[in-house]
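Residues or ranges marked as compositional bias 'Acidic residues' by TrEMBL: 262-272. The region 'Disordered' annotation in TrEMBL covers 259-291. For 40-64, 85-102, 108-130, 142-162, 168-189, 201-223, 229-250, the entry in TrEMBL reads transmembrane segment.
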Amino acid sequence: MNSHLDLHIKPTQISLHSQLIPIVSFLQLLLRTSASMANLSFILGVIGNVISILLFASPIFSFVSRKTFWGVIKKKSTGDYKGEPYITTLLSTSLWTLYGIINPDGLLVMTVNGAGAILQLIYVILFLVYAPKDAKVKAAKLVCVVNVGVLGTVTAVTLFAVHKNTRLTFVGILCTALTIGMYASPLSAMSTVVKTKSVEYMPFLLSLFLFLNAGVWSVYAVLVKDIYIGVPNAVGLFLGSAQLILYVIYKNKPVSTNPSEAIEEEEEEEEGGSAHPARRGIEMNSSLGNV
């Protein structure tokens with residue numbers, strides 16, 4: 001009787017086992033793939049950190065820009081530097097740091113933007129120390145409004161007014177909108193290149209670093225499925241590609257309009273003697289290291 005039962009049970013067990021084998025194999029493959037994707041996203045995040053910090057540090061070093069803050073310290077004057085790009089980027093990096101803090105998987109976002117915020121704060125302080133009196137007062141007011149008022153309000157609302165489950169969405173939307181808005185300034189540099197047929201105000205290395213930075217963080221965003229990182233970096237990747245294409249087109253072409261004269265003419269037309277949009281574009285380009 002027992003042997004008869006065994007004859008009916010064993011084939012069923014064998015059949016069940018054979019059905020489970022592909023399922024288990026698939027789960028093992030899925031786990032290995034997930035681990036590989038996690039490792040790849042971490043590696044890309046580290047690479048993104050390095051590139052972003054190099055971009056943030058470009059106002060100190062001359063490998064992507066001819067002007068540096070060492071010159072500001074040496075001359076004890078900000079020259080035609082404008083404080084707005086650094087004040088805006090300080091807000092952006094601070095908000096992205098907050099995003100990284102409230103994001104359970106935001107370590108790499110927090111580290112790169114934390115470093116960026118520290119560097120931008122140094123630039124803002126140097127500007128406030130060495131800027132002419134009128135520019136200093138204007139910048140100080142802007143710092144109070146943007147870096148104290150706006151940042152403080154957003155942080156307070158995020159931590160005390162927004163539900164825990166929606167904090168990431170709230171801060172992510174703000175970060176995305178601000179970062180996309182910051183890409184408007186590099187567009188002015190691209191416009192100047194087309195008008196003057198000169199790449200004088202669009203340094204190649206700066207455009208290349210912008211392209212690489214946006215590309216790395218775009219792939220990272222896809223791997224970790226983060227739309228708030230992905231959208232602004234997709235915009236940055238497009239603009240970085242466009243800048244490189246413009247550089248290839250115009251780098252060896254004879255200049256139809258003297259860039260310096262064109263810049264001076266447009267500067268004279270601007271109210272308040274603010275720096276030319278192309279120069280502001282360069283400064284903002286160097287500040288677009290945040291994710």
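All residue numbers here begin at 1 and follow the chain in the order shown.
From the backbone N, Cα and C atoms, a Cβ is placed for every residue, glycine too.
In TrEMBL, annotation is done automatically, which means it is predicted and not curated.
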Open item on the list: Taking contact to mean 3 or more CB pairs closer than 8 A (sequence separation of 6 or more), are the transmembrane segment (142-162) and the transmembrane segment (85-102) in contact?
Closed with: yes
Task: Distant-in-sequence neighbours of the transmembrane segment (40-64), which means Cβ under 8 A and at least six residues beyond its ends - done: 70, 86, 93, 108-109, 111-112, 115-116, 119-120, 123, 203, 205-206, 209-210, 212-213, 216-217, 219-220, 223-224, 283, 286-291
Open item on the list: Within the same chain, where does the transmembrane segment (85-102) have neighbours whose Cβ lies under 8 angstroms from its own Cβ atoms, ignoring anything closer than 6 residues to its ends? I mean 6 or more beyond.
Closed with: 56, 59, 108-111, 113-114, 116-117, 120-121, 123-124, 127, 139, 142-143, 146-147, 150-151, 154-155, 158, 167-168, 171-172, 174-175, 178-179, 182, 185, 228, 280, 283-284, 287-288, 290-291
Task: Distant-in-sequence neighbours of the transmembrane segment (229-250), which means Cβ under 8 A and at least six residues beyond its ends - done: 109, 175-176, 179-180, 183, 186-187, 189-190, 193-194, 197-199, 202, 204, 207-208, 210-215, 217-218, 220-222, 288, 291
